[in-house]
Amino acid sequence: YLQVNLQKPCPFWDDNSHCGMRDCAVQPCPSDEVPDGIRSGSYKYSEEANNLAEECEEAKRLGAVDGSLSTETREAVLQWTRHDDSSDSFCEADDIHSPEAEYVDLLLNPERYTGYKGPDAWKIWNSIYEENCFKPQNVKRPLASGRGESFIYLTKWVSRVCVEKRAFYRLISGLHASINIHLSARYLLQDTWSEKKWGPNITEFQQRFDEVLTRGEGPRRLKNLYFLYLIELRALSKVLPFFERPGFQLYTGNKSQDAEMKHLLLEILHLARSFPLHFDENSFFAGNKKEAAKLKEEFRLHFKNISKIMDCVGCFKCRLWGKLQTQGLGTALKILFSENLIERIPESGPSYGFQLTRQEIVALFNAFGR
């Protein structure tokens, strides 16, 4: 279950290009289908928070009317607010308290081809590449559709820019490749009044990734996809201490199910950590401290801008998965740049220095799954 606001207006241009096709629609969950523990999304993932939730429910049953907060609770709330408003975030998160924020069952709304294409879809990616990928204006967008357009290769440009800017471009290219692969893998092959059939469209895949058809660009896109995979795999191995704490619970209201899910979650994270080091993020922002801090902030703001662009996607199903995968990557970056905070997390009690919201956790694992 992901809580998402698909009604947010595009912040960059007037957008009246909403996809009218039925496959673009997203079916939200009726509130009574969402587990109670998940609907109590304002509670953070700790034993203390879960106990607080139970105490609040008990107080309601007893008809208590004392709405004041204890000093300890008020301080905890302030700490959370400071965290939620901190500058660690790489994404523009949806306001889950907005009346327009709805729960969506991702299993009932799979990522697949919807028919959303053409100038409106191209405009999204063009904005991402042209305005948010650190590249010079005279270097044209490299990821066109691959159907005969002229390509200007980026080899010389890439070799001249710093490692951080190269990595940023490769991450966005990898994200784009990931989305294109999923659309090709679950393509609408048959659409009749009696049946809809999705499946692999080899021709579509080749047009986007074949070395000859893309004039050498396709294999680079796939390498960038693998780079994205390694980055997110690295983040999973780094965040293990956060989830290992006894106080961390996957709170849905079903204790036995929560315990089983946590066991499986830790299995995945230990498996990720068992791999050799494929990527060393410590080489990022490692030069002059002042310049490094400036570059890191620029890096974060560029990515935050890309997360805002996802609110301009006209197809709601594409918007849903675009927002989710962007936030998943943003969460991975947040983890990688918070290593020192993660290492200082206490084994018991709240972790004020480093936190992940439920939205970030759902987005991280689903993006990695993609």
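Going from the start of the chain as shown, residues are counted 1 onward.
Cβ atoms are placed via backbone N, Cα and C, with glycine included.
Copied over from TrEMBL:
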DISULFID  Cys19-Cys24  disulfide bond
DISULFID  Cys56-Cys91  disulfide bond
BINDING   Arg112, Thr114, Trp125, Ser173, His176, Arg208  FAD binding site
DISULFID  Cys315-Cys318  disulfide bond
ACT_SITE  Cys315  active site, nucleophile
ACT_SITE  Cys318  active site
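Everything TrEMBL records as a feature, shown here on the structure.
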residue : record           : Cβ neighbours (10 Å)
Cys24   : disulfide bond   : 18
Cys91   : disulfide bond   : 24
Arg112  : FAD binding site : 18
Thr114  : FAD binding site : 19
Trp125  : FAD binding site : 18
Ser173  : FAD binding site : 24
His176  : FAD binding site : 19
Arg208  : FAD binding site : 23
Cys315  : disulfide bond   : 25
Cys318  : disulfide bond   : 24
Which one is it: of the disulfide-bonded residues Cys24, Cys91, Cys315, Cys318, whose Cα lies the shortest distance from the Cα of His176 (FAD binding site)?
Cys318
Fill in the CA-CA distance, Arg208 (FAD binding site) to Cys91 (disulfide bond), as an integer in Å.
28
Write down the Cα-Cα distance for Trp125 (FAD binding site) and Cys318 (disulfide bond), rounded and given in Å.
13
If we check Cα distances from Thr114 (FAD binding site), which of the disulfide-bonded residues Cys24, Cys91, Cys315 wins as closest?
Cys24
From binding-site residues Arg112, Trp125, Ser173, the one whose Cα lies nearest Cys315 (disulfide bond):
Arg112
Express the distance between the Cα positions of Cys91 (disulfide bond) and Trp125 (FAD binding site) as a whole number of Å.
17
